[in-house]
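Summarising the annotation, TrEMBL assigns transmembrane segment to 47-68, 80-99, 196-221, 250-267, 288-310, 340-360, 399-424, 430-451, 463-486, 498-515, 527-544.
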Amino acid sequence: MGVETSESMEGGAPYLQLSNEIVDNHSEEFRLNQLGYKQELSRNLSALSNFAVSFSIISILTGITTLYNTGITFGGPMSMIYGWLVAGAFTLMVGLSMAEICSAFPTSGGLYYWSAKLCGEQWGSFASWITGWFNIVGQWAITTSIDFSLAQLIQVIILLSTGGKNGGGYQASKYEVLGIHGGVLLIHAILNNASVACLSFFGMFAASWNVIGVFVLMILIPTVATQRASAEFVFTNFNMENDVGIHNKFYIFVLGLLMGQYTLVGYDASANMTEETKDADMNGPKGIISAIGISIIVGWGYLLGITFAVTDIPYLLSEDNDAGGYAIAEVFYLVFKSRYGSGTGGIICLGIIAVAIFFCGMSSVTSNSRTTYAFSRDGAMPFSSVWNKVNKKEVPMNAVWLSVFISFCMALTSLGSMVAFQAMVSIATVGLYIAYALPILFRVTVARISFTSGPFNLGRCSILIGWISVIWVAFITVLFSLPVAYPASWNTFNYTPVAVGGLLLLVLSSWLLSARHWFNGPPLSNCEHYFLNYMFLLIYFSYIDQCN
């Protein structure tokens with residue numbers, strides 16, 4: 001007949017499979033209508049474009065560069081090289097579990113819609129509320145973190161370009177850094193007013209820039225270096241010397257995992273872009289998995305290349321070096337200065353990274369705004385009717401402006417104390433991973449039997465991989481909350497559990513006091529429209545069969 005359904009009405013609409021007779025642009029709209037929504041965003045993204053958004057948000061050049069200090073402090077080369085592979089392997093498990101759910105429910109709501117769908121009518125709205133707010137606040141925090149790290153890198157580039165810290169170079173104040181951050185956010189908002197086709201081009205360019213940039217730097221830096229580390233140093237040296245008072249080898253190693261795990265985040269963007277992606281139930285999952293897999297491989301190569309140019313760890317971490325303690329910037333600067341007598345080449349290399357971070361932030365705003373749009377579409381946010389509007393280009397511009405405004409407000413905490421700012425942006429990783437884990441947990445428990453997979457599925461391995469994912473997220477949530485310095489003080493205390501606990505308290509209290517009375521969660525199905533459309537297709541193809 002050309003129409004087949006896989007029935008599982010508990011928790012939502014059945015998965016509709018369309019034969020090749022009717023697979024066209026309307027089939028994507030029909031599937032979205034099944035899930036309770038109408039097509040409002042422009043569906044022009046290819047599989048490659050969908051991948052590019054997540055890959056550019058993960059952005060190896062962004063994550064590793066800005067967090068290299070963390071890796072080299074906690075364990076050094078050995079911790080970074082092997083810790084990256086450990087974090088990467090478990091992150092891939094999380095990605096596989098998310099990809100399977102994404103294939104079944106390809107909507108911009110992503111994580112919070114999945115939670116509602118998997119929990120069903122009784123608990124769906126509560127699960128959606130918790131997941132949605134952790135997801136959206138985590139995305140706001142990650143946009144803040146990315147664009148603020150770009151502002152800090154620009155500060156270092158200016159410092160080195162004017163002579164370095166030891167040569168009287170200009171060091172921007174915290175107000176100037178915040179101003180740069182605000183300017184970058186403004187540019188990102190303006191660029192996100194472009195059509196989906198333009199955003200697709202930017203995403204492709206960003207992905208290409210990241211890959212090419214990594215290969216250029218991982219080859220160029222150790223080649224130019226006059227002094228290179230030995231393979232023994234890179235693969236076996238474990239740095240126990242740190243100024244944070246931690247000397248337990250295992251504890252140091254697990255803290256070293258932070259660099260890899262902080263970097264490998266944001267790949268839910270592929271799910272958030274599914275309403276703008278062709279063949280979303282396959283290309284969304286492909287985007288998630290390929291972004292993680294390629295990032296693991298490319299990132300490991302980048303780590304190796306840079307670490308072969310490292311010879312003096314204490315000096316790289318010293319605030320008295322030319323880059324003011326920014327480890328990778330000091331590596332690049334010294335490599336070229338030692339070879340050519342000038343660090344200009346190193347500054348240019350930092351410019352390559354700055355471009356990557358810029359596009360990483362832009363993609364983050366794109367993904368963030370889609371989640372804001374979807375959450376508002378279901379009435380979960382204050383003034384939802386404002387944020388769920390799309391313009392003539394079918395872009396949710398109001399949601400874009402809200403996202404950049406809140407990201408700027410989060411950065412204001414840096415004026416008071418960097419400790420407060422770090423607590424704020426810690427939600428970027430912990431909040432997002434909690435949001436990642438919740439629908440996976442519901443998939444392997446509440447919906448273990450009722451779940452109906454889409455075209456991409458993990459088969460018999462689904463439950464096992466799901467539990468591995470949930471346990472890993474529980475582990476890193478504890479890991480992110482551990483003290484990172486002894487003895488702890490107001491300036492060294494890890495405020496991550498305070499920030500995450502505060503967010504949880506706000507979300508739960510808002511639910512109990514208000515939202516439970518009016519928030520019904522996303523529409524689990526659009527059964528009336530589904531039934532009418534389904535009957536139309538049956539009648540239509542019966543007529544065609546009779547005519548033939």
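Even glycines carry a Cβ here, placed using N, Cα and C.
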Contact call for the transmembrane segment (80-99) against the transmembrane segment (430-451), three or more Cβ pairs under 8 Å: yes
Close approaches to the transmembrane segment (340-360) from elsewhere in its chain (Cβ under 8 angstroms; 6 or more beyond its ends): 56-57, 59, 61-62, 65-66, 146, 149-150, 153-154, 156-157, 160-161, 164, 184, 202, 205-206, 209-210, 213, 216-217, 220-221, 224, 322, 328-329, 331-334
Cβ-Cβ under 8 Å with the transmembrane segment (196-221): same-chain residues at least 6 beyond its ends: 41-42, 44-46, 48-49, 51-53, 55-56, 59-61, 276, 294, 298-299, 301-302, 304-306, 308-309, 331-332, 335, 349, 352-353, 355-356, 359-360, 362-363, 366, 393-395
Spatial neighbours of the transmembrane segment (288-310) far in sequence, C-beta under 8 Å, 6+ residues away: 51, 54-55, 58, 60-61, 63-64, 68, 72, 77, 80-81, 84-85, 88-89, 91-92, 95-96, 98-99, 102, 210-211, 214-215, 217-219, 221-222, 225, 228-229, 234, 260, 263-264, 267-268, 270-271, 316, 328, 331, 335
Per Cβ pairs under 8 Å, the stretch of 47-68, 399-424, 430-451 packing most closely against the transmembrane segment (463-486): 430-451
